[in-house]
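Novice: Residues or ranges marked as divalent metal cation binding site by Swiss-Prot on the basis of sequence analysis: D8, H10, H42. Swiss-Prot lists 8-10, 34-35, 56-58, 61-65, 100-106, 132-135, F139 with the feature 4-CDP-2-C-methyl-D-erythritol 2-phosphate binding site, giving sequence analysis as the kind of evidence. Annotation source Swiss-Prot lists site 'Transition state stabilizer' at H34, T133, citing sequence analysis.
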Amino acid sequence: MRIGHGYDVHRLVEDRKLIMGGVDIPWEKGLLGHSDADVLLHAIADALLGALAMGDIGKHFPDTDPAFKGADSMKLLEHVVGLIRTQGYAVGNLDATIIAQRPKMAPHIQAMRENVARACGVEVDRINVKATTEEGLGFTGTGEGISAHAVVLLIPQ
């Protein structure tokens, strides 16, 4: 068994879509990034890579590479899952937390879980996604950005 942790953060800006866990969330702002800036999927990909000491998404998908400009983070996650499978591992379970003051994530959590489960090739009962606020504190609390953490347990295939 291997355990990995991932973290990501992006700034909220106008004139961008807000995509979280592969779900397009209606909101007045979106996350700024080289790709679609899906912080949840980025944290999950980092957790998967970290569990096998394979670096992070910046190593595999550098923001200096035009090929990843506007990239769909679901495709990036699917690629990372392929990498862990070539190393003989699969997702045992995954627990992730989105930290955002607004918008409310609860209406979208189940769709996020289903998207992540599909990308990881596992049943949805192995994937947990939850959201919290920081009670108005810090950059997420003031609405400047959104962050996410993920912890994953990989098991031999």
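Placed from the backbone N, Cα and C atoms, the Cβ positions cover glycine too.
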Novice: What's the CA to CA span in angstrom from S35 (4-CDP-2-C-methyl-D-erythritol 2-phosphate binding site) over to H42 (divalent metal cation binding site)?
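Specialist: Approximately 10 Å lies between the Cα of S35 (4-CDP-2-C-methyl-D-erythritol 2-phosphate binding site) and that of H42 (divalent metal cation binding site).
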Novice: Measuring Cα to Cα, tell me the gap between H34 (site 'Transition state stabilizer') and F139 (4-CDP-2-C-methyl-D-erythritol 2-phosphate binding site) in whole angstrom.
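Specialist: The Cα atom of H34 (site 'Transition state stabilizer') is 20 Å away from the Cα atom of F139 (4-CDP-2-C-methyl-D-erythritol 2-phosphate binding site).
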Novice: Rounded to a whole number, how many Å is the Cα of T133 (site 'Transition state stabilizer') away from the Cα of D65 (4-CDP-2-C-methyl-D-erythritol 2-phosphate binding site)?
Specialist: 33
Novice: Which number gives the other C-beta atoms within 10 angstroms of the C-beta of D8 (divalent metal cation binding site), all protein chains shown included?
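Specialist: There are 25 such Cβ atoms around D8 (divalent metal cation binding site).
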Novice: Which of T132, T133 has the fewest nearby Cβ atoms, counting only those within 10 Å, among these recorded positions?
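Specialist: If we count Cβ atoms within 10 Å for the recorded positions T132, T133, the smallest count is at T132.
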Novice: What same-chain residues, at least 6 away in sequence, bring their CB to under 8 Å of the CB of P103 (4-CDP-2-C-methyl-D-erythritol 2-phosphate binding site)?
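Specialist: The list for P103 (4-CDP-2-C-methyl-D-erythritol 2-phosphate binding site) reads L18, I25, P26, W27, given in order along the sequence.
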Novice: Cα of D65 (4-CDP-2-C-methyl-D-erythritol 2-phosphate binding site) to Cα of H42 (divalent metal cation binding site): how many Å, rounded?
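Specialist: With distance taken Cα to Cα, H42 (divalent metal cation binding site) is 17 Å from D65 (4-CDP-2-C-methyl-D-erythritol 2-phosphate binding site).
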Novice: Nearest to H10 (divalent metal cation binding site) by Cα distance: which of the binding-site residues F61, T132, F139 is it?
Specialist: F139
Novice: Cβ within 8 Å of the divalent metal cation site centroid (D8, H10, H42 excluded): which residues?
Specialist: V9, L31, G33, A37, D38, V39, L40, L41, A43, S147, A148
Novice: Only counting partners 6 or more residues apart, tell me which same-chain residues put their Cβ under 8 Å from the Cβ of F61 (4-CDP-2-C-methyl-D-erythritol 2-phosphate binding site).
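Specialist: For F61 (4-CDP-2-C-methyl-D-erythritol 2-phosphate binding site), the qualifying residues are S35, F68, A71, L76.
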Novice: For the recorded positions H10, H34, H42, which one has its C-beta crowded by the most other C-beta atoms within 10 angstroms?
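Specialist: Result of the Cβ crowding comparison: H42.
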Novice: Would you say which of the binding-site residues D65, F139 has the most Cβ atoms within 10 Å of its own Cβ?
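Specialist: Compared across D65, F139, the most Cβ atoms within 10 Å surround F139.
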Novice: Under DSSP, is H42 (divalent metal cation binding site) part of a helix or a strand, or is it coil?
Specialist: helix
